[in-house]
Amino acid sequence: MIIIREKNVSFKIAILFLAFTVVFTLFRSSMSGIFSLFYAKNGIESASISSIKSFQNIGIMVGLLPAGYLADKIGRLKVLTLSSLIIATSFLILILFRSFLVFSLAELLYGIGLALNSGTLVSYITDLQEQNKIAPDYLKLKILHLFGLLWLD
C-alpha cells in the first residue's frame, strides 16, 4: 500500500515537472529579448547589455560542473528545488536592484539555475519514466521543447 502511494506521488511529481518544464522552456526562450529590453529601459547601454548577458553563459558553465555530482549526492529532486530557488532569487534581484553589477549577478545566478535544472530534470524524468511507464508523456515534452526552441527562431 505504501509502495503504491509512493509511486503515485512520484508519478504526480513527474507530470507536474513535465508541465512546468514545457512552460519554463517557452518562458526561457522568450525571456532573453525581454531581459535586454528591461536592461535598456533601466539605462544600460547596448554594449553593456551584451556583457551582462555573457554572465548567464558563465553561470551555465559554472552550474553544469557540479550539477551531476550534487544530483548523485543529495538527490535529483533537491537539486531541482535548489535550481528553482536560484532562478527565483535571480528574478528577485532584478526586481529590487538596478545597476550593471547587480544585473550581471542576476544573470550569473540565472545561468547557474538553468544549468542545475538542465541535465538533472532529464535524469529525474528518465528515472520516473522507467518506474512509472510515462514514456509517451516524456515524448510529448521533448516535442514541445523542440517547438519552443523553433518558436524562438
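Every residue number used here counts from 1 along the chain in the order it is shown.
Glycine is no exception: its Cβ is also placed from the backbone N, Cα and C atoms.
Under the heading domain 'Major facilitator superfamily (MFS) profile', TrEMBL lists 9-153.
Residues annotated as transmembrane segment in TrEMBL: 9-27 (among others).
What TrEMBL records for 47-67 (among others) is transmembrane segment.
Marked as transmembrane segment by TrEMBL: 79-102 (among others). Long-range contacts of the transmembrane segment (79-102) within the same chain: residues 17, 38, 42-44, 48, 51-52, 67, 70-71, 109-110, 112-114, 116-117, 120-121, 124, each at least 6 residues beyond the stretch ends and with a Cβ under 8 Å from a Cβ of the stretch.
What TrEMBL records for 108-126 (among others) is transmembrane segment.
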Tertiary contacts of the transmembrane segment (47-67) (same chain, 6+ residues out, Cβ under 8 Å): 32, 35-36, 39-40, 79, 100, 103-105, 107-116, 118-120
